[in-house]
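Annotation comment: Swiss-Prot describes 1-24 as signal peptide. Under the heading N-linked glycosylation site, Swiss-Prot lists Asn38, Asn161, Asn295, Asn319. The disulfide bond annotation in Swiss-Prot covers Cys42-Cys162.
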Amino acid sequence: MAPAGMSLRATILCLLAWAGLAAGDRVYIHPFHLVIHNESTCEQLAKANAGKPKDPTFIPAPIQAKTSPVDEKALQDQLVLVAAKLDTEDKLRAAMVGMLANFLGFRIYGMHSELWGVVHGATVLSPTAVFGTLASLYLGALDHTADRLQAILGVPWKDKNCTSRLDAHKVLSALQAVQGLLVAQGRADSQAQLLLSTVVGVFTAPSLHLKQPFVQGLALYTPVVLPRSLDFTELDVAAEKIDRFMQAVTGWKTGCSLTGASVDSTLAFNTYVHFQGKMKGFSLLAEPQEFWVDNSTSVSVPMLSGMGTFQHWSDIQDNFSVTQVPFTESACLLLIQPHYASDLDKVEGLTFQQNSLNWMKKLSPRTIHLTMPQLVLQGSYDLQDLLAQAELPAILHTELNLQKLSNDRIRVGEVLNSIFFELEADEREPTESTQQLNKPEVLEVTLNRPFLFAVYDQSATALHFLGRVANPLSTA
């Protein structure tokens, strides 16, 4: 690899070391100059603001207006181009933003049991989507709202100086780079191993004016931004319209409830993510297999099976095992299974925390025959509820200073993340010959009882998804 690549890898390792030393509720990672305004950009902003006319605004088209479907292949091609154009500093910025997203995601996920109670089905959360949604709102925020959002995103500020401020455009561009780095790796022979699509829906009351620079800025995060207007006075009807619109445009399973909204709400800011991972060398078993939800209850579920040399570690002290299944050279699926089903909550607390990636250093290669459920999961959550449950400042209360988003009075009804997550077999290229299956050194790993999973990309140090599967056939 070229020296620049070695320098990038070394610097990322340094950033990881700094991250490991972080303590307390806030995460302080150096160097922050990668994501804050520098003196030059601050001077340019000051000059621009001095004689700047009012930002142009527009009223979004009605939600019933005809809209072209999202072309996911074109979206993936755009992400690949983004990744191809990244220089060393861009990759460092992506790695830093990836780690910041991890820390926020762990904290949010860590409070999920208090919000959802015991999860009897399956649930999935995206740290990068959480971070991207809050960074998008930061783009439209001013004054105290911006201060609080910046603190939640993990970037400290000492004063009101511009050079202490988070640069939302840099952060959103870095988030798109994080997505691009994941997708670009699996594009050999025009066959995508991984698919990751993000769509932002900005749903407003019919009279609300959006500022064009805000909507244009969101395109740095994802090219697909859908501003639409609708009546919120009948919340059930509004939620149904949003769901119908998003399913028509994307074809994904979505969920919009507007349970936290009121009839005078004027904004629902929703982020939709679709992930599809193909498990190289795995095949779908001919018959469904038993999955034990608990000691006395089982369900029949479609199962995937494959064999290869995978990284593996069994923790005898805390009674869980980890298997790392590669998607690409640097992206992988982490499967975490308690040795005893009753220990799922304990293992979740041990592994899904800020220093949890340290145990990845203990993994070693093993020849493994792996059997696991085929996963098709949908999860939706309102960030207002999650942040409140995580005891973070109530930054997403109904009335915020979002004057960079709109000059009109805004009452936030919902800040939704909706995840559509799929794992499927990719039988084009077997990982290793199945003739080895009966050899004594082959380790049998069967996920037929509750387990945890994560999708991790080393190239951006980003955990794209964290999930818990207590029953593959139902969502929490």
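Just so it is clear, glycine is given a Cβ too, placed from its N, Cα and C backbone atoms.
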Q: May I ask which residues of the same chain, at least 6 positions away in sequence, place their Cβ under 8 angstroms from the Cβ of Asn161 (N-linked glycosylation site)?
A: Cys42
Q.
When you rank Asn38, Asn295, Asn319 by Cα distance to Cys162 (disulfide bond), which of the glycosylation sites ends up on top as the closest?
A. Asn38
Q) What is the total of other Cβ atoms whose distance to the Cβ of Cys162 (disulfide bond) is within 10 Å? A) 16
Q.
Between the Cα atoms of Asn38 (N-linked glycosylation site) and Asn319 (N-linked glycosylation site), what distance do you get, rounded to the nearest Å?
A. 48
Q: Measuring Cα to Cα, tell me the gap between Asn319 (N-linked glycosylation site) and Asn295 (N-linked glycosylation site) in whole angstrom.
A: 18
Q: Please report the number of other Cβ atoms within 10 Å of the Cβ of Asn38 (N-linked glycosylation site).
A: 13
**Q.** Other CB atoms, at most 10 A from the CB of Asn295 (N-linked glycosylation site)
**A.** 9
Q. Within 10 Å of the Cβ of Cys42 (disulfide bond), how many other Cβ atoms can be counted across all chains shown?
A. 17
